[in-house]
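Peer 1: Pasting a structure below so you can have a look.
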Amino acid sequence: MNQGVPPKISFVSLGCPKALVDSERIITRLRAEGYELARKHDGADIVIVSTCGFLDSAKQESLGAIGEAMAENGKVIVTGCMGAEPEQIEKEYPNLLSITGPQQYESVLDAVHRALPPLHNPHLDLLPPQGIKLTPRHYAYLKISEGCNNRCTFCIIPKLRGDLVSRPADDVLREAEKLVVAGVKELLVVSQDTSAYGIDIKYAPSAWKDREVRARFVDLARELGELGAWVRLQYVYPYPHVDDVIPLMGGNILPYLDIPFQHANTEVLKRMRRPAAQDKTLARIHKWREQCPDLTLRSTFIVGFPGETESEFQDLLDWLDEAQIDRLGCFKYEPVAGATSNALENPVPDEIKTARWNALMARQQKISAQRLKRKVGTRQQVIIDEVGPSVAKGRSKADAPQIDGSVYVASRRPLKVGDIVTVKIERADEYDLHGSVAGF
């Protein structure tokens, strides 16, 4: 590093939106201390790799990213979920500068300071009030808690990130307000278990504006809806009180729920240690759609869980036909070091997992195509993510970034990223919509 030249850091962020928020917090602190971000590893003084350790495939991706950083730079700091169990990382890469687990912001900063001292003292005015974001300017993830109190047998998140720790309501709302003032049009509310928000702090009230707001899922959602941006609720565990948020939907609280049901067969759900009354869940879904006809449901499922029989898998397919989930992600079960599900009997062979994954996704493709076809001829509000010469790419209220479908928008007038426009839907395929800006 040349004398008087700001030190440069290259940053790789892997994993889920919660991990992305952790990366944003680290980058915000580093920028406050005068560090600059480099676009390439070989143009940086050091590299930070924020890892994912949830699945073996994610671990391999993390190890690959570390290897790439070592090859192109050689001075590498590793953090994130995989860093909570550093043995495999140390075995492959013994010459790393530091390895830390998730949420260990101070340890990461200490490692940076040791390897690359800041050029000058922090000047907070280097930063925008909302901090540094890795998402596009028009949307941002808003993390309301850390950790999880559930003990799903397939999951090691509580071991990596600990039990639930909720942020005070006023703290969340202040961050959200800063984001909206900075131009964010969509807030994506995330955590490991969004609907458990506030349980650990006994729903403690805090002062916000001229009133008190309790740290409850529904109360927080209501207040976020007053800020003027779209509010999208993700990672919602299906607790009974989730029913209370449905009547809030239709304005800025988007008619969208991301609920990871994981399966539909009662016995499989018991082995997963998940809520098992899926007949009641179907009744709740029907009630939600009666209250909010425009509701979009996204969910994730696991096929090939240990002991899953053909009959149990068929229950999942039948349930899906009844539930008519709008957006679906599916994972083939894979053992994760430290997960209690590893001890379950009757593992499902890989070829059967693949066959079931294909069958589930084919079933969902038909459901998705049918549900999207109903939107042809309607008008939808669309937020623009990308612009081209004649067609822009955006998302309706039914689409979360990165994981859901898109709306392809033809327009005679120029559109900008972040614009929210009314689009007349003219065509649908299995996952996406196509239309043109209304009024032209």
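Positions of Cβ are set from backbone N, Cα and C atoms, glycine also.
Pulled from Swiss-Prot, these are the listed features:
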BINDING   Cys16, Cys52, Cys81  [4Fe-4S] cluster 1 binding site
BINDING   Cys148, Cys152, Cys155  [4Fe-4S] cluster 2 binding site
DOMAIN    7-117  domain 'MTTase N-terminal'
DOMAIN    134-370  domain 'Radical SAM core'
DOMAIN    373-439  domain 'TRAM'
Peer 1: C-alpha of Cys16 ([4Fe-4S] cluster 1 binding site) to C-alpha of Cys155 ([4Fe-4S] cluster 2 binding site): distance in Å?
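Peer 2: Cα to Cα, Cys16 ([4Fe-4S] cluster 1 binding site) and Cys155 ([4Fe-4S] cluster 2 binding site) are separated by 14 Å.
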Peer 1: Find the shortest Cα-Cα separation between Cys52 ([4Fe-4S] cluster 1 binding site) and the binding-site residues Cys148, Cys152, Cys155, and name the residue that gives it.
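Peer 2: Result: the closest of the binding-site residues to Cys52 ([4Fe-4S] cluster 1 binding site) is Cys155.
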Peer 1: By a simple count of other Cβ atoms within 10 Å, which of Cys16, Cys52, Cys81, Cys148, Cys155, the binding-site residues in the record, is least packed?
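Peer 2: Each of the binding-site residues Cys16, Cys52, Cys81, Cys148, Cys155 was scored by Cβ atoms within 10 Å; lowest is Cys16.
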Peer 1: Could you put numbers on the helix, strand and coil content of the domain 'TRAM' (373-439), residue by residue per DSSP?
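Peer 2: For that range the per-state counts are 1 helix, 32 strand, 34 coil.
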Peer 1: As a test of reading the model: what is the averaged pLDDT for the domain 'MTTase N-terminal' (7-117)?
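Peer 2: Summarising the domain 'MTTase N-terminal' (7-117) by its mean pLDDT gives 88.
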Peer 1: Between Cys148 ([4Fe-4S] cluster 2 binding site) and Cys81 ([4Fe-4S] cluster 1 binding site), how many Å separate their Cα atoms?
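Peer 2: Checking the Cα atoms of Cys148 ([4Fe-4S] cluster 2 binding site) and Cys81 ([4Fe-4S] cluster 1 binding site) gives a distance of 14 Å.
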Peer 1: Per DSSP, what is the helix/strand/coil residue tally across the domain 'MTTase N-terminal' (7-117)?
Peer 2: 57 helix, 21 strand, 33 coil
Peer 1: Near Cys152 ([4Fe-4S] cluster 2 binding site), how many other Cβ atoms are within 10 Å of its Cβ?
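Peer 2: I get 20 for this one.
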Peer 1: Would you kindly give the Cα-Cα distance separating Cys155 ([4Fe-4S] cluster 2 binding site) and Cys81 ([4Fe-4S] cluster 1 binding site), rounded to the nearest Å?
Peer 2: 13
